[in-house]
Amino acid sequence: MKTTISVIKADVGSVAGHAVAHEALKKKCDEILAEARDTGILEDYYITNCGDDIDLIMTHRNGEENEEVHQTAWNAFREATEVARGLKLYGAGQDLLSDTFSGNIKGMGPGCAEMEFKERPSDPVIIFCCDKTEPGAFNLPLFRMFADPFNTAGLVIDPTLHNGYEFEVFDVVEHKKVTMACPDEMYDLLALLGSISRYVIKKIHRRDDGEIAASVSTERLNLMAGKYIGKDDPVAIVRAQSGFPAAGEVVEPFAFPHLVGGWMRGSHNGPLMPVAQRDATPVRFDGPPRVIGLGFQIADCKLVGPIDMFDDPSFDRSRQLASEIAEYMRRHGPFEPHRLPSDEMEYTSLPGVLEKLGDRFEDMD
């Protein structure tokens, strides 16, 4: 019997702006998920938050895109929204784009990453949760995990990794997808993945047998809503060890705080800072963007753990570097490259400014 992991997240309210989800919201989610576990919909669950996003980590036997599981997550977020409204929290229910559930949570606002697999004798899984950034934030670290031998030594020396992986890439603008193999199509793959606001990794499979290796939430809130709602704040599930990169190879890419889109009002580039869960409270200019990593063992569809993967002094220098990069980027104020390019400002005030100035623009000599 196969095990399914579903990680579904949403921002349904925060204390003092966009800093952190209130504990009362997580408690309400816990009540809903506990009932689902007791009735057999879920086998196990763990609730955490990265900044103002609540992340529901659930295991079950129902496969991906299961209506009952998605309904459970939706109910949890709806109930938490009511609590948020009672506390007058900021952005109560902001990620929920509909009032009624329609059978699948996709397209309704919350982000969702899922994978189904037959458990190995030992099955380590790492769940990554971000705040103040977009799904493309995972492009670079996932590429390094599964295609860069300078990061993942196993690609060179481990026979079970040596034949590489297949990357399923979504074009979130045109709503198309393509699957590309590494190392054969590495350069073509990088040509896409470098455009992190448009091309995003959805899933990664092992080439030898098609076994699932990683899954990412790819929902783009603003594209769904047609206006600025908030940043997408993606989540990812990554399997480790025994045919996949070692746990240390999985977290290693985050030692480099690469630049991602998001931060203040979802309109600025900044470094992705790897932090312990307790430090996932983005405050400076609503950031800089954060990522947490929780490591579990999957045992008969139960979650063993977690271990806080970035609660490690060896990442202290990465955090220091991220702070230095944040300081440098902030000094640019409203100028690029700190502010996103104009084609990424569609849901801000920029279109209105251009419309207001339309009659004042003249042809140049």
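Our numbering is plain: 1 for the first residue shown, then up by one each step along the chain.
Each Cβ is built from the backbone N, Cα and C atoms, and glycine gets one as well.
Here Swiss-Prot has Asp11, Asp52, Gln94 binding Mg(2+) 1, and the candidate from His18, His60 in that same listed site is His18. Annotated Mg(2+) 2-binding residues in Swiss-Prot are Asp52, Asp53, Asp131, and among Asp232, Asp233, Asp279, Asp286 the one listed with them is Asp233. The sparsest Cβ neighbourhood within 10 Å, among the listed binding-site residues (Asp11, Asp53, Asp131, Asp233, Asp286), is found at Asp286. With every protein chain in view, the residue among the binding-site residues Gln94, Ser242 whose Cβ has the most Cβ partners within 10 Å turns out to be Gln94. Of all the binding-site residues in the record (Gly103, Asp131, Asp233, Arg265, Asp286), the one with the smallest CA separation from Asp52 (Mg(2+) 1 binding site) is Asp131. Other Cβ atoms within 10 Å of the Cβ of Gly103 (beta-D-fructose 1,6-bisphosphate binding site) number 10 in total over all chains. Residues His18, Lys132, Arg265, Asp286, recorded as binding dihydroxyacetone phosphate, reach a greatest CA to CA spacing of 10 Å.
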